[in-house]
Every structure is written in C-alpha cells, then in structure tokens.
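Chemist: Have a look at this one.
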Amino acid sequence: MHPPAPTTATAQATADQADGLPPAQRRKAVVVILLGLVLVVLDGSIVTLALPRIARAFDVPAASAVWVVTGYQLAVLGLLLPMASLGERLGYRRVYLWGMGLFACAALLCALAPALWLLVLCRAAQGVAGAAVMGVNAALVRQVYPSALLGRGIALNAMTVAMAAVAGPALASLVLSLLSWHWLFALGVPLALAVVLLGRRHLPVGQCSGRTPFSALDWLLNILAFGLLFWAVDALAAHGLPHWLAHGHWGWHGRLGATALGLSLLLWVWHVRRQRRLPEPLLPLDLLRIPVFALSMCASVMAFAAQMLSFIALPFLSLSILHHAPWQTGLLVSMWPLAIALVAPWAGRSIGRFPGAVLGALGMLLLAAGLLLLALLPLHAPLWALGCAAWLCGAGFGLFQSPNNHIILTAGPRTRSGAAGGMLGTARLTGQSLGAALAAGVFTLWPPPQHLGGPQTAFALAAGCALLAALASVLRRSRPF
C-alpha cells in the first residue's frame with residue numbers, strides 16, 4: 001500500500017533541491033529523521049539484556065535465545081544495500097515511511113509472540129525495517145541540509161547514534177526492572193507510528209530515478225553473501241581459532257566456519273561479477289572505484305571494529321576484574337559517548353576549514369592512544385584515570401566520524417546519496433560484527449576474571465584497528481576533502 005499523497009507544503013520542498021530545505025521545514029524534518037534513527041538504534045541494543053528472561057520464558061537454551069539478536073543483525077546487514085538502492089528507485093521518503101510502518105507492526109508482533117521461532121521471525125522483520133530506515137537515513141540528511149551545513153547535519157546524526165547506543169542498556173534496565181520483556185517491543189509501537197504520521201507531513205518528497213527494480217536473485221545473493229560471511233567470521237573467531245591454539249586443530253565449529261567462509265567468498269565472486277554486467281547494479285561498484293570513498297570505507301570498518309571491541313572489553317574490565325559497582329561501570333562506559341556528543345558537533349563545523357584526512361587521522365590516533373592507555377594502566381589505577389582514557393577514546397572517535405561520513409556521503413554524485421548512505425551503514429555493521437567476533441575470540445582464549453589479560457589484549461587489538469583506520473585516513477590526504 002502506497003503512502004498517502006504528500007501535502008502541498010511538503011511537495012514544494014522537493015528532495016532534489018541542492019540547497020536543502022528552508023530552516024523551519026528543515027528543523028521539523030530533522031526531528032522526524034533522528035527520532036526514527038533513535039528507535040532503530042535502540043532496538044538493536046536493548047534486547048540483549050532481556051535474553052536471559054526470554055530464554056526462561058520460552059524454556060530454551062541461552063544459545064537459542066541469542067537468535068533473537070542474530071536474526072535482527074543478519075536481516076539488517078543483508079538488506080542495507082538493497083534498501084538503499086530501493087530508495088534511489090522509489091524515493092527515500094517512501095522507503096523510510098514503509099520501514100517505520102513495518103517496524104511498528106513487527107514490534108507489536110514481537111511483544112505478542114507466543115513462541116521463540118515466531119519471535120525470531122518478527123525480529124528479522126524488524127531487521128528489514130531497520131535496514132530500510134538506516135539505508136536511506138544519510139540520503140535524507142543530505143536532502144534536508146544545504147551543502148554548506150551538511151557537515152553539521154552529519155555530526156548531529158553521529159551524536160544521536162552515540163547517545164542512543166549508550167542509552168539502550170540503561171533504558172532496557174529501567175523497563176525490565178518495572179515490566180516484563182514484552183514491553184521492550186511494545187513501547188516502540190506508538191513512537192514508530194508517530195514517526196510515520198509526522199514523516200508524511202514533514203519529510204521532503206524528492207524525485208526517484210524510476211529505474212526498474214533489480215531481480216530477486218540480486219537480493220538473495222546479497223543476503224547470502226553477507227549472512228554467510230558474518231556467521232563464518234563469528235564461528236572462526238569465537239570457536240575455530242581458540243580451538244586451534246589450544247588443541248592444534250580447528251574442531252567442528254572451526255571446520256564449519258571455514259566451509260562457510262569459502263562458500264561466502266564464492267558467492268561474493270559471483271555477486272560482484274554479476275553486478276559488473278548490470279546497467280543498474282545493486283552493489284555500488286561505481287563508488288568503490290573512487291579511491292577516497294574506498295579508503296574512507298576501510299577506515300570506517302576498522303574504527304567501528306575498534307569501538308565494538310572496546311565496548312565489550314570495558315564492562316568486563318570494570319565489573320569482573322576491578323570489581324567496580326554497576327553505577328561506576330555505567331559512569332565509565334558513558335564517558336565514551338559523552339565525548340562523542342561533545343566533539344562531533346565541533347568536528348562537523350570544522351569540515352571545510354580543515355582537511356577531512358587530517359581530522360580523521362588525528363581522531364584515530366587519539367582513539368589509539370586512549371586504547372593503549374586502557375591496555376597499559378595498572379589494575380590499581382583510579383576510576384578517574386580509566387574515565388579519562390575512555391573520554392579520550394570517545395573524543396578521537398567523534399573527531400573522526402563526522403569528517404569521514406561526510407567524505408563517504410559526498411564523494412559521489414548527489415543522485416548516488418542512497419547508495420553512499422547504505423554503504424555507511426554497511427561499514428558500521430561490518431566493523432561492529434568484526435569487533436564482536438574478535439572480542440569473542442579474545443575472551444575464549446583469556447576468559448575474565450580467570451585471566452586478567454583478556455580485556456587488555458582486547459584493548460591492544462582495538463588500538464591496532466584504530467591505527468589501521470588512521471593509515472587509511474592519511475592515504476586520503478591528497479584528496480580535496
């Protein structure tokens with residue numbers, strides 16, 4: 001069912017205007033865009049704390065309950081690029097509103113699910129909705145803001161994601177302390193419906209390309225290629241590599257992960273070769289041929305891998321090894337996104353005044369320095385010292401993210417904003433998946449609290465990822481961004 005026709009005021013603010021929307025309309029559109037983004041980011045993080053309760057409610061093992069999270073992640077990762085391409089074909093506003101509508105329906109079904117398999121299926125549907133929203137989010141930001149203010153819009157987007165990510169666990173704890181796990185999904189339903197109603201009124205209409213939608217084979221290849229790669233990396237890092245180091249062979253999980261990795265590589269070869277022959281490819285190969293775009297994507301993947309590694313290691317260090325109180329751990333972890341929220345707006349305003357390569361490289365060097373401090377600080381270090389190191393990490397990430405996202409979003413033509421936005425989300429999720437897999441491998445080899453070096457090793461590995469991101473940023477220095 002198609003969304004109702006836009007109002008006259010919205011139609012006048014067409015999405016193809018290069019100078020964005022007038023200030024009053026822009027503010028309303030930004031509220032709608034960011035509210036939808038907050039809901040999707042929260043949805044990806046709040047469910048984790050409820051997994052033990054979900055496992056008890058359905059009387060299933062913990063490993064089975066994890067599919068509530070995995071199903072969502074696989075759907076988002078496999079459909080980000082297809083949804084971004086669909087936004088270019090049908091219009092970003094339409095895909096965004098459809099995504100939020102599906103999000104509301106799937107959230108309601110999750111709250112009412114009587115069995116685990118149905119809950120996993122509904123969570124996958126939420127992942128489809130999340131892919132639709134995240135796939136066109138950056139393109140909508142580029143439509144709404146004039147070119148001179150685009151850096152501020154990207155910085156606001158980054159700050160919103162950071163704050164929503166840190167608010168997720170706290171919000172989940174509050175809800176679970178008062179209500180059942182079902183309300184984690186039910187509370188999002190009226191908010192998502194409100195976004196749909198406000199979006200119909202305030203989001204710019206724009207022009208769609210009118211291209212013929214790609215075939216179902218392209219969708220299937222993309223989902224399978226990303227899904228198998230995601231699962232293979234997790235299996236090898238969490239099970240195969242530790243088993244090989246401990247016993248001298250890969251074990252059953254390792255062999256299965258290696259097989260999945262081989263199949264995924266074959267699928268990727270087929271997928272890319274097929275896309276090269278298509279006049280309207282799903283994969284944005286044209287953007288990846290732009291050196292500054294490809295380097296920025298590599299930097300983004302490594303930066304998010306470093307951040308995810310650190311986000312997993314910090315609570316283990318604080319709770320399991322240093323035996324801090326939960327409120328102290330929450331305060332320590334919150335230093336990172338708080339620094340992002342403070343630094344990202346300044347970084348956005350600095351775009352155009354300083355080269356993006358310099359800002360990005362400096363940010364990743366600051367992140368690496370903070371991570372090395374966390375890895376090298378003695379176990380008797382005071383909480384304020386750990387907090388300063390975490391704040392330095394967040395400041396570096398905030399300094400890096402806005403300029404890097406700006407480069408990715410503007411490296412290609414405006415008509416490819418959807419594909420660029422989809423690649424932004426793909427880089428983020430790929431880096432987070434890589435970081436989580438590396439953390440699983442580290443903590444399998446050196447589980448805390450029995451092994452005090454587990455978190456320190458994770459921080460050192462994260463610092464290496466940050467240095468790789470800095471190197472990719474430096475290689476862009478000759479580009480005019």
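The backbone N, Cα and C atoms fix where each Cβ goes, glycine too.
A TrEMBL annotation is a machine prediction, not a hand-curated record.
Features from TrEMBL:
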COMPBIAS  7-19  compositional bias 'Low complexity'
DOMAIN    29-481  domain 'Major facilitator superfamily (MFS) profile'
REGION    1-20  region 'Disordered'
TRANSMEM  29-51  transmembrane segment
TRANSMEM  63-83  transmembrane segment
TRANSMEM  95-118  transmembrane segment
TRANSMEM  124-142  transmembrane segment
TRANSMEM  154-175  transmembrane segment
TRANSMEM  181-199  transmembrane segment
TRANSMEM  250-270  transmembrane segment
TRANSMEM  290-313  transmembrane segment
TRANSMEM  325-344  transmembrane segment
TRANSMEM  356-377  transmembrane segment
TRANSMEM  383-400  transmembrane segment
TRANSMEM  421-446  transmembrane segment
Chemist: Check the transmembrane segment (124-142) against each of 181-199, 250-270, 383-400, 421-446 and return whichever range has the most CB pairs under 8 Å.
Modeler: 421-446
Chemist: Could you check whether the transmembrane segment (29-51) packs against the transmembrane segment (95-118) - three or more CB pairs closer than 8 Å, residues at least 6 apart in sequence?
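Modeler: Yes, since the transmembrane segment (29-51) and the transmembrane segment (95-118) share at least 3 Cβ pairs closer than 8 Å, they count as touching.
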Chemist: When only pairs 6 or more apart in sequence are counted, do the transmembrane segment (325-344) and the transmembrane segment (181-199) reach 3 or more Cβ pairs under 8 Å?
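Modeler: Output no: the transmembrane segment (325-344) is apart from the transmembrane segment (181-199).
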Chemist: Are there residues at least 6 beyond the ends of the transmembrane segment (383-400) whose Cβ is under 8 Å from a Cβ of it, and what are they?
Modeler: 158-159, 162, 299, 303, 307, 310, 314, 317-318, 324, 328, 331-333, 335-344, 347, 359-360, 362-371, 373-374, 377, 466, 469, 473
Chemist: Give residue numbers and ranges for long-range contacts of the transmembrane segment (154-175): same chain, 6 or more residues beyond its ends, CB-CB under 8 A.
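Modeler: Answer is 30, 34, 37-38, 41-42, 44-50, 137-138, 141, 183-184, 187, 330, 333-334, 336-338, 340-341, 344-345, 347-349, 351, 394, 398, 401-402, 405-406, 409.
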Chemist: Against which stretches of its own chain does the transmembrane segment (421-446) lie, if we need a Cβ under 8 Å and a gap of at least six residues from its ends?
Modeler: 73, 76-77, 80-81, 83-85, 87, 131, 134-139, 142, 230, 233-234, 236-239, 241-242, 245-246, 284, 287, 293, 297, 300-309, 311-313, 316, 405, 408-409, 453-454, 457-458, 461-462, 465
